[in-house]
Amino acid sequence: MDTPNSPAEPRSGADVTTPPPEERVWRAGRLEAMPIRKLPDAPPSIHILGPTVFLVALGVGMGESYMWPRLVLLFGPEIRWLFLIGVTLQAVVMLEMARYAMATGESIFFGAARVFKPIMWFFFTVAILVYIWPGHLSAGAAALEQLTGIPWTVSACVGLILVGILFSMAKVIYNLLENVLSLLIGLLVVGTSVVAAMVGTWSDVVSTLTGMFNFGYLPAEALTAAWFPILVGSIAFAGPSGMQQMWYTLHLRDSGAGMGAHIPRIRGLRHAGEEEAMPARGFMFDTDDPAEMAKWRGWRRWVTFDALLLFWGITMLVTVSFTVLAQAASRTSPDVKALLQAGEREAALNAMSDSFAAAGGPVLGGVFLGFIALIGLNATLGLFDSFSRGQADMTYHFVPGAKRFRMSHIYAGFLWGVIAFGIIILLFGPADGPGAILDILAFLSTFAMGAYCVVLLLVNNRMLPKPIRPKLVTNLIIGFGAVFYLGMLLYSLFRFGVVVG
Amino acid sequence: MRDRVELAVPGAVVGAVGGLIAGGLSAVVGHPFGWAVTTALAMAVPLGLLGGGYGLLAGSGRFRLGVFAPAALYWLIGFPLARLVAESSTGFLLGGGFTPPADVLGFLAYQGIVSFGWAIGFLWLHERIAPHWLDHVRSRNALAQQWYERYVTHARVLRDASARARRRRGTVVESPAAKSPAAKSPAAK
């Protein structure tokens, strides 16, 4: 199926006050057509730090600080070629998610609904099943407990309530979050660099970097039932995992990138009354106008800089630094390898911290735990906002009657819902979710990544005008992504009977 | 002179913060006060001075606003030197002699690689802090005013674009274009 642009009268200027009788529109799927509007000018310089800060906050987590350093210690630095593929694939996915969001001002969920509504409901359901569990808080809170002695359940519950209050009081949630996360991530990057500079050696970093190009290296032990599922999980968790790339489209829109400038931004609960009414769909720019296409290329340059330097660069930096740290740790404390093999996450984190302390004094042990706590805080802020933002977007647009409420109210409903549920679970239940469904959740999270590659192919190639559709090479890479994620997941399931570790 | 020093403040603060992170956490975990202060000083002073130098170059227009390549090149030289100073002087500060690393060239090469990460973090924080600081001092500092205006020009382009979008939106969102039969897609159901 193709989606022809509607024949219509050209608009006679951008700042008209009444819509012309025959407005030009872009039809995409069966949902309401997108009116043609002007594309804003792209930022004239690349120095504006974009919404990638959210992806970095969400993506730089346990995968980078724990899972990959662990694999390097177990299988050698040569295993890192799989990380290189994983994170590079994610950078391309990010650029493709940005393509749809910047061209239309719609989230990728809306794009999926334009293709086939049940696809969007699939993601709506997966988000609830996977992301309501407060398990991601535990590592950060546990690290904080090691540092300060405050019981982790207390800091986690207090943290949840503070996050809720922070977002409810904010005038514009996006602005607040971008500022807070930028500061935290800036400190994380600067601090990680300093620590890596103090602990690592030339040979550590050389082996870490050269290991990334050892394509095809897979030791026999990695292909066992014990480790292959963990390898699959680590690849999936290289960079943002699960649905985080999809949520990025909402942050991109709220940052005013591309046609997102035409969509009002979500306000905090206290300022909900000031929110403008949300349009029922996004907009499209005139892809037949060379001036508009020049602006579009400017936006693509802007987001590419974001993807390559900030997302790819920072994710790579953090994981290289932590791998260097882990190698330094294993030299001073051989116990760390045994603990990692045993799969005891908290024990292993403490052992790595102790090793750093042995290598460079207690300060380094503290710094390591401080970074884990910081990563936990970043992830908490990012995930709670992203989950609420994504669910609110789908609810507002596709649940009958939801438009009676403001987007801010629906956002606040999901936010406080997930916080209340989180506190109950932290106090009375298993944080990661009931043991019996853990495998299903892990499967769903990784499955969503393969699924969003397929959705991207469908949305970008069928719902966008031809001049701004992806090139063949890009499609092949995204197609490879779908086969890569789903293939490894299903192989793990059928060969070993286990999903991801 | 004072005007120039003020231009250096944001970079100096970010540079010094890098060193102070280590010292601060050292205190949190109960390390002896003297050790924590030594760690912080040995790292914070050279990184702070170099950070201030970056601010002077950026403020005088020699580096374009927030562009990564000049920052990366600057720190490719500066970061390894700062680390060499810190590494060598720690022993001296603790009351012994200077303690340079055994393999100086290997040490500098490694620090050069780490410097790229440092440059990203430094630039990231510097771009967040500098405009606020310049706004604070520009009433009495002509150089700060000039630098601030470069940020304002940049921001104005973005504001204008979003203001235009808001004006247009005023007509679109009120009655969801959906209500206008002409605007409604023939394909919509």
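Yeah, the Cβs are placed from backbone N, Cα and C, and that goes for glycine too.
Database features (TrEMBL):
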type: REGION; residues: A:1-21; note: region 'Disordered'
type: TRANSMEM; residues: A:46-67; note: transmembrane segment
type: TRANSMEM; residues: A:79-98; note: transmembrane segment
type: TRANSMEM; residues: A:119-137; note: transmembrane segment
type: TRANSMEM; residues: A:149-168; note: transmembrane segment
type: TRANSMEM; residues: A:180-202; note: transmembrane segment
type: TRANSMEM; residues: A:222-243; note: transmembrane segment
type: TRANSMEM; residues: A:303-326; note: transmembrane segment
type: TRANSMEM; residues: A:363-384; note: transmembrane segment
type: TRANSMEM; residues: A:410-428; note: transmembrane segment
type: TRANSMEM; residues: A:440-460; note: transmembrane segment
type: TRANSMEM; residues: A:472-494; note: transmembrane segment
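Sequence-distant contacts of the transmembrane segment (A:79-98) (same chain, at least 6 residues past either end, Cβ-Cβ under 8 Å): 52, 55, 59, 68, 71-72, 108, 208, 211-219, 222, 231, 234-236, 238-240, 245-246, 248-249, 252, 257, 303-304, 307-308, 311-312, 315-316, 319, 323, 452-453, 456, 460, 470, 474, 477-478, 480-481, 484. Counted over residue pairs 6 or more apart, the CB atoms of the transmembrane segment (A:119-137) and the transmembrane segment (A:303-326) come under 8 Å in fewer than three pairs, which marks the two as apart. In this chain, the transmembrane segment (A:410-428) does not touch the transmembrane segment (A:440-460); fewer than three CB pairs sit within less than 8 A of each other, excluding pairs fewer than 6 residues apart. Per-stretch counts of Cβ pairs under 8 Å to the transmembrane segment (A:472-494) identify A:222-243 as the leading one among A:180-202, A:222-243, A:410-428. Long-range neighbours of the transmembrane segment (A:410-428) within the same chain, counting only residues 6 or more positions beyond its ends whose Cβ lies under 8 Å from a Cβ of the stretch, are 131-134, 137, 153, 156-157, 160-161, 163-164, 167-168, 173, 266, 268-269, 272, 384-385, 387-389, 391-392, 395-396, 402.
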